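Taken from TrEMBL, the feature substrate binding site applies to PRO168. Annotated disulfide bond per TrEMBL: CYS41-CYS120, CYS74-CYS79, CYS126-CYS323, CYS204-CYS231, in sequence order. According to TrEMBL, the domain 'Plant heme peroxidase family profile' annotation covers 31-327. Taken from TrEMBL, the feature signal peptide applies to 1-24.
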Amino acid sequence: MGSKALFFFALLSFSAVAIKPTFAENEEDPGLVMNFYKDACPQAEDIIREQVKLLYKRHKNTAFSWLRNIFHDCAVQSCDASLLLDSTRRDLSEKETDRSFGLRNFRYLDTIKEAVERECPGVVSCADILVLSARDGIVSLGGPYIPLKTGRRDGRRSRADVIEQYLPDHNESISVVLDRFAAMGIDTPGVVALLAHSVGRTHCIKLVHRLYPEVDPAFNSNHVEHMLKKCPDPIPDPKAVQYVRNDRGTPMKLDNNYYRNILDNKGLLIVDHQLANDKRTKPYVKKMAKSQDYFFKEFARAITILSENNPLTGTKGEIRKQCSVANKHH
């Protein structure tokens, strides 16, 4: 049920010429590499970084969206920007599934794509833009700079039909969550780092089952009054934007305060509570609560693995002209 993005695309000049990375059938696919566009579009990463900075300056909450995008796209079979596709007569968009509730700001990825297209038409994939905007959004939030490889190509169809098989839900057991991430090669400390709800917000609709008809006794009693004030109704008004900040102390900063919060029973979601109490994850929660450097190290490692999950490279997929529409429909 994610909001549909609005798209503002200028007509591209057909006189522009760009050197595109191409691969003959007998040429080896280089896969993902650092600075993939150094010859075909040397300014690509700089353009993306500057656009992220500019958009973050104007709209602070964009950084949360970019961070969620990399998880919601790359965790579902392939890091191929399938998340960005609109629905068609045949395929439901991933953006419109229940698991994508709260995802928004796709129009800002279109803004970045448009800026890159002006410099190098048809060269840089939406999948790489999605990943690099997440990387630069993490920096905007005070997190670490994570060198990430590029060379992804875009998928041609939504993966909404399999999303439930790949994306763990916040109400699922920690065992299911660990298994889902393990399938991508992400180990337990990586999961603990990736699930840090350190920034952004939790919508009341995802929280009220822990407040009504009775408050979950696992909550820190000093935190309950604030949550009840923010979520006053057992059935939230779907038209109202009712939410609780994930971290009241540093809500706009990616840091290790989240781990101190959940050890103090202030985690909003079931998965937060489980992370702080399950014997498999609690040691890493404690370690990250004590050391932000350790949190950043594991977070960067996990993001790197996530970003390299089964990408389309070489001659697979395509370079979309417009991130919301496969080229055959453009």
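Just so it is clear, glycine is given a Cβ too, placed from its N, Cα and C backbone atoms.
It should be emphasised that the depicted structure is a prediction, and the values quoted were computed from it without experimental measurement.
Of the recorded residues, PRO168 (substrate binding site) and CYS74 (disulfide bond) place their C-alpha atoms 13 Å from one another.
Of the listed disulfide-bonded residues, namely CYS41, CYS74, CYS126, CYS323, the sparsest Cβ surroundings within 10 Å are found at CYS41. For CYS204 (disulfide bond), the spatially nearest entry among the disulfide-bonded residues CYS41, CYS74, CYS79, CYS120 is CYS74, judged by CA separation. Distance between Cα atoms for CYS231 (disulfide bond) and CYS74 (disulfide bond): 31 Å, as a whole number. Taking each of the disulfide-bonded residues CYS120, CYS204 in turn and counting other Cβ atoms within 10 Å of its Cβ gives the largest count for CYS204. Packing around CYS79 (disulfide bond) is summarised by its Cβ count: 26 other Cβ atoms lie within 10 angstroms of its Cβ, all protein chains included. Neighbour counts of Cβ atoms within 10 Å were compared across the recorded positions PRO168, CYS231; the minimum falls on PRO168.
Across the structure, CYS120 (disulfide bond) and CYS323 (disulfide bond) place their CA atoms 15 angstrom apart. Nearest in space to CYS74 (disulfide bond), taking C-alpha to C-alpha distance over the disulfide-bonded residues CYS41, CYS126, CYS323, is CYS126.
When the C-alpha distances from CYS41 (disulfide bond) to the disulfide-bonded residues CYS79, CYS126, CYS323 are tabulated, the minimum falls on CYS126.
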